[in-house]
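Chemist: Take a look at what Swiss-Prot says about it:
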BINDING   180-215  FAD binding site
DOMAIN    72-177  domain 'FAD-binding FR-type'
TRANSMEM  32-48  transmembrane segment
Amino acid sequence: MFARQSLRVAQPLKQGFRKYSTEAPSKGKSSLAPIYLGVGLIGLGVGLYRYNSASAEAPPAERPKVFTGGDQGWVDLKLAQIENLSPNTKRLRFEFPDKEAVSGLHVASALLTKFKPQGAEKPVIRPYTPVSDEEQPGYLDLVVKVYPNGPMSEHLHSMNVDQRLEFKGPIPKYPWEANKHKHICLIAGGTGITPMYQLARKIFKDPEDQTKVTLVFGNVREEDILLKKELEELENTYPRRFRAFYLLDHPPKEWTGGKGYITKELLKTVLPEPKEENIKIFVCGPPGMYKSISGPKVSPTDQGELTGILAELGYSKDQVFKF
C-alpha cells in the first residue's frame, strides 16, 4: 500500500595508601590515622555510588491522575487559555489543580463535559477527546469546532478565561497496545480527527511500535483542517510509516489534494486490501460520513452492522471500529 503510485493518489487526488604503608612512623605518633581516614573516604564513596546507582535504577514516581473513572464523579476545571485556530474552531486549555498531575486518560479514550444552560431542566453532556498528550502534566487541551444549534460547542466558544467546566472520565473507546495491528487506517471528517490524532501520536511516540498509519481526512474548506501542523510533523518525521490524504468540499484554486467527498475509488486505492492480515480501519466524523463509509453505531457500546463503502469493498465488521 505504500508503493509510490498509491501514495500519490492525493496529487491531485491525492528521530595515598601506598604512601602511608611505606613511610616510617613518626616518633610518639600513630601512623594509622591517615589509613583510617582513607578507608572511611572509600567507604563513603562506595556508599554514595550505591545510593546514586539505586536512585538511577529506581522507576520514576507515578504522577497523580485527575480522572480515575468509576465512582469519581464530575471534576471541575478552570479555563486557563484560549487560542483561535480558525473562524469557527478554538483550542481551549483547562488547567489541573495539581500542576504535577496528569489527566489519567489512556489511548483511546475521551472525557464527558457538562454544563447546565440557564433555565434548563437538564444539563447538556457531550464527549470530547483531548488533543494534549496523555502524559502532559498540569493541563489538558480541547479542540472545539462550533456548530449551529450545538449547545455544548456554543457554550465552550462563549467561555472566558477563569470560567470553569465540569469533566468526567475517562470514557474508554479502543484499547491500544504497541503493534496490535500491522497497518491501521484512519478515516476522519471534521472534528473526528481528534481521536485519530490521539491514536497516531501514541503510536509514533513509542519507539517499539512499528504500526503503519494511513489517514484519509475530509473537510469543507482548507481552514477547517484541524491539527494540520501536527499531522504534517508526523508525515515529515515518519515518511515511510505515515501517509495523509486530504479532501475538501470547497477547495481553493491552488489546492492539490482531493476534491469532494471521500469516495469508494479513493479508499480502494489508498487502503490495504481486506485480505491483508492484521489491519484495522477506524472511522470518526459526522453522521453523514458514517452512513456513507461504514454505517452508524447503534449506541456507544454497540458498533452496529458494517454497511456503506467499507462493506462494499469487502471489509469485515471485525476489521472496522467506529469511534
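Quick reminder: no glycine exception, Cβ is built from N, Cα and C everywhere.
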Chemist: Should Gln210 (FAD binding site) be counted as helix, strand, or coil on the basis of DSSP?
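Modeler: SS state of Gln210 (FAD binding site) = coil.
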Chemist: Let me know how many other Cβ atoms fall within 10 Å of the Cβ of Lys180 (FAD binding site).
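Modeler: Other Cβ atoms found within 10 Å: 14.
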Chemist: Compile a sequence-ordered list of residues in the same chain as Cys185 (FAD binding site), six or more apart from it, whose Cβ lies below 8 A from its Cβ; state 'none' when nothing qualifies.
Modeler: Val213, Thr214, Leu215, Val216, Val270, Leu271, Pro272, Ile279, Lys280, Ile281, Phe282
Chemist: Out of Gly190, Pro195, which of the binding-site residues is least crowded by other Cβ atoms within 10 Å?
Modeler: Gly190
Chemist: For Gly190 (FAD binding site), which DSSP three-state class applies?
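Modeler: The three-state answer is helix.
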Chemist: Among the binding-site residues Ala200, Lys205, Leu215, which residue has its Cβ surrounded by the fewest other Cβ atoms within 10 Å?
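Modeler: Taking Ala200, Lys205, Leu215 as the binding-site residues, the minimal 10 Å Cβ count falls on Lys205.
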Chemist: What is the number of other Cβ atoms found within 10 Å of the Cβ of Gln210 (FAD binding site)?
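Modeler: The Cβ of Gln210 (FAD binding site) has 11 Cβ neighbours within 10 Å.
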